[in-house]
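A quick write-up on the structure given underneath.
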Amino acid sequence: MTTILKSLPKGENVGIAFSGGLDTSAALLWMKQKGAKVFAYTANLGQPDEADYDAIPRKAMEFGAEKARLVDCRTQLVHEGIAAIQAGAFHVSTGGIAYFNTTPLGRAVTGTMLVSAMKEDGVNIWGDGSTYKGNDIERFYRYGLLTNPALRIYKPWLDQQFIDELGGRAEMSAFMTSHGFAYKMSAEKAYSTDSNLLGATHEAKDLEHLDSGIKIVNPIMGVPFWRDDCAVKAEAVTVRFEEGQPVALNGQTFTDPVAMFYEANAIGGRHGLGMSDQIENRIIEAKSRGIYEAPGMALLHIAYERLVTGIHNEDTIEQYRINGMKLGRLLYQGRWFDSQALMLRETAQRWVARAVTGEVTLELRRGNDYSILNTVSPNLTYAPERLSMEKVEDAPFTPADRIGQLTMRNLDITDTRAKLGLYAKTGLLSSGEGTPIPQLENDKG
């Protein structure tokens, strides 16, 4: 039996992820009038552009919902965001600046917590506003069915009758007005925005064109640092971790991780930290482009990685990065709770994050311009005396030790030279001036 419904299931309980915007408002009213029993669920994800969460369920009831619930998802969202930082679960980057997977993290939390709330109310049909071209339709599908295997999916935007009757925002606005709801369309922006406490995504419309960029975006979590009239003062900030958990900012200890994240966003946002312009591959392998904000995630990530590099050895750091790239892609694909993702995540949290205790002091300037001023940890394996250019007592190794170590390298150098000669003989490589490798003499003995 298919889990996707192509038409409205009249007379049945249907849950809708309700934002209070024009699209979901029109969809709720339309489904009600067509005979469905509509239940509205709103996720409080700490969206920085949402002024009054409590008003959203009231609005849903006015439009005919049988029941409307506001589900506070912020604590779980921050929990997942910190887990992503601990595991370095970020696979999309440009020039070393990462996209912090804030939308995929939000979908993992929304998709599980809203469907759990629906299940409590006896609602086993779920609708949301994701379109067939995007990532969210698959993310919500996976998380919804993981949470409730009896779930069926109904999306008004995949229902041809809904599309024929309310195919655009102008039609939706007219529909709401004709039924006594003076719903005016908001002014059209040059792009669309989706946000949560961890970050904001700006995409589509004008941002689909690569000759439009960050300068057309009005940040909602930070400042337009690229503008000459935007005053940004340098600021020192200290971040403290205990066993991989961020616990203090500028000496202020937080017992509530949500409050800590609000403060991290405020600090990073004052500088525009964490904004990036990325071209990425969607789940369906088509490329899309987005402008991202994540001031708090960026601040914590920078401090965390500084401690990681000062505490762990090279092989551990290498594996952390490899696993993080893989885990980031799984997260992006809506597989954050799949077994392979849990394995990678648990590995990082247990063997990398647990050792990360200490403080990092940064100087934030404009955008992603910052300096690291100090790093302190009881677990640092960085020991400057090991490599000091000055004479030190009880040196860990001597010139004679290094001579012996270099002599041992002759074994693999000889093997490598022989291989290069073999490749040159077979035509795989050319040697000599102007080629990738210099003229090498054959090993004569």
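Cβ from N, Cα, C; glycine included.
The ATP site in Swiss-Prot is built from Ala17, Phe18, Ser19, Gly20, Gly21, Leu22, Asp23, Thr24, Ser25, Ala43, Gly129, Thr131, Asp136 plus one of Asp194, Asp206, Asp211, namely Asp194. Among Ser192, Ser212, only Ser192 appears in Swiss-Prot as part of the L-citrulline site alongside Tyr99, Asn135, Arg139, Thr201, Glu203, Glu280.
Annotation for Asn135 (L-citrulline binding site): spatial neighbours Thr103, Pro104, Arg107, Arg282, Ile283, Tyr332, Gln333, Gly334, criterion Cβ-Cβ under 8 Å with sequence separation of six or more. Under the three-state DSSP scheme, Thr201 (L-citrulline binding site) falls in the strand class. If you take the C-beta of Ser192 (L-citrulline binding site) and look for same-chain residues 6 or more apart in sequence within under 8 angstroms, you find His202, Glu203, Ala204, Lys205. In this structure, the CA atom of Arg139 (L-citrulline binding site) is 12 Å away from the CA atom of Thr131 (L-aspartate binding site).
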